[in-house]
Amino acid sequence: MATANSIIVLDDDDEDEAAAQPGPSHPLPNAASPGAEAPSSSEPHGARGSSSSGGKKCYKLENEKLFEEFLELCKMQTADHPEVVPFLYNRQQRAHSLFLASAEFCNILSRVLSRARSRPAKLYVYINELCTVLKAHSAKKKLNLAPAATTSNEPSGNNPPTHLSLDPTNAENTASQSPRTRGSRRQIQRLEQLLALYVAEIRRLQEKELDLSELDDPDSAYLQEARLKRKLIRLFGRLCELKDCSSLTGRVIEQRIPYRGTRYPEVNRRIERLINKPGPDTFPDYGDVLRAVEKAAARHSLGLPRQQLQLMAQDAFRDVGIRLQERRHLDLIYNFGCHLTDDYRPGVDPALSDPVLARRLRENRSLAMSRLDEVISKYAMLQDKSEEGERKKRRARLQGTSSHSADTPEASLDSGEGPSGMASQGCPSASRAETDDEDDEESDEEEEEEEEEEEEEATDSEEEEDLEQMQEGQEDDEEEDEEEEAAAGKDGDKSPMSSLQISNEKNLEPGKQISRSSGEQQNKGRIVSPSLLSEEPLAPSSIDAESNGEQPEELTLEEESPVSQLFELEIEALPLDTPSSVETDISSSRKQSEEPFTTVLENGAGMVSSTSFNGGVSPHNWGDSGPPCKKSRKEKKQTGSGPLGNSYVERQRSVHEKNGKKICTLPSPPSPLASLAPVADSSTRVDSPSHGLVTSSLCIPSPARLSQTPHSQPPRPGTCKTSVATQCDPEEIIVLSDSD
């Protein structure tokens, strides 16, 4: 009897004889009495006679004893889980009787029992191992009936028929196994002979010289060698199956790659199973690794977010790819070559001892390099030619596109399509056409900007010329004003306009006088903005005044108040070259200003009295003036100094005496409605050089005749005012468009 710690030597003959014994499996209570089992176990030996000698080992009793000891150990260690012992007992009952009486099961029980006693903390590991072994050797359901019938028939005294019925079955199994073993041996011998034949043929094909002309031949030596190697691999696999051994040869590519790249063991096991699965050496892609990570996370409920799973899969894919590449590279290095290179040593070169071989190698090397240079130069020239042709085609295509785009912009604009749309239809390459169209549009925009700059420069030059001409004609205008005022003084006309002129002259302060030269310098040095000053001429009130050649009297307009900025009326002025109707009615020889200055009227606000084209005058009188308004920033610079609340725009009225010795400047006081007169904002002036913003279609005098003084005058009687919104002539034509 072998003990638990003894080494058991396996013998195939003993195992076969032990397997040939009927050895019915007894239940656990019967196994506890070895005295009762001795007669039953000795009966088959006595029946077999000489075939069953006393020296033959029987492991059935020993296995039952070891199993009982393991169950007792499990009862003591697994008191918290009483279901473990019945589970092990059921597994042992389901196992095959031949396996229970085998030396393999004895070795397994001895090893498990010794390890469980030495390391009780891992008892469940050993229990699982034993259960796995018993499950692998469990008998089928139809075979479980025989032990049950045997146990049920034993107490009835029918033991000899039972043994007789079991002996033929075992004999048939033994007879069927023996020819199968002999047949497998014949197959193994035949396969080994075939493998030797394949190896010899492969060696012969490897030693054969391979010509370049045989590469396209389906029966070349290289292809024959490849086919024989595939057959050799299949034969080797079949031979390993017959011999019941592993087919691993120890190559690097067959080694298992352990993976511990992540902190989750479940994910590591899944990835390791993916990269080490049997079959062809397939390199997994990122999708395979990501699916493996997602399956592991879903199955084990790791609760990882999608982004973390993706990052983990990316890192794992990089690590796995590097490991697989290294393994494949090492396998190529170790298995490269054939039997001809087995005896090669790096320090042994036959060319060192054979000069003829060395010369032949040098010639072959020079020939190979020359042929390689010829091939490279040939295809380099072809590449240069193709690139040059492509360059010419591209250049011609670009030229055709540019010419087409230059011809079609006008038609495309007329048809409502942009130049880019036409170019994209005419050119096969949309991207190049769009690039050309963008260049054309940029060039057109640059040309338009240059034209606008030229127009602005021309406008500025024309305005400067107009100012110079107006300043030159200042002297003539002043002389004409003197003559007209003298004639008006002699005339006995009692019109409201004449009375206003007389009252204005009486209220003048004689001390406010300046020299003519200083007035001219002041007018020339100051640029009067049309958006800040607003004037309207006083036309003659009767036909007698027109016949006397009276010049319309100028009255000043005060600054616009903040209340007057609510509504503004913008009326386009007449061209510079067009003479006004007042000029034609008064005198054809008299010359008016060439550029009218503008202002904006507010609807309903009182303005300076203005005689319309039909000669009607609307007299209105007001009392004291209202509070002064603030000045704009631009007007502050022009007026020089003075308090903000009392400053206003003054009219310079020059009275030239007949001897031409002095000029009298007559400032006009602010009126309540004049303070409400709006001043046109500088941003409302039109860009056209020949048009401006005016309050009415009446003629406006030259701005050179305007002046500003830093002091204010006391209020005087109100003047006649009229509004352009209520006193416009119905026959007057007012142009409201900015276009030419």
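Backbone N, Cα and C atoms are what each Cβ position is placed from, and that goes for glycine too.
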For Swiss-Prot, the entry motif 'Nuclear localization signal' belongs, out of 216-220, 391-395, 401-405, 591-595, to 391-395
Annotated as phosphoserine in Swiss-Prot, from the list Ser41, Ser165, Ser412, Ser547, is Ser412
Of the ranges 66-103, 180-217, 294-331, the one Swiss-Prot annotates as coiled coil is 180-217
From Ser33, Ser671, the annotation phosphoserine in Swiss-Prot is attached to Ser671
Record (Swiss-Prot) lists phosphoserine for one of Ser618, Ser668, namely Ser668
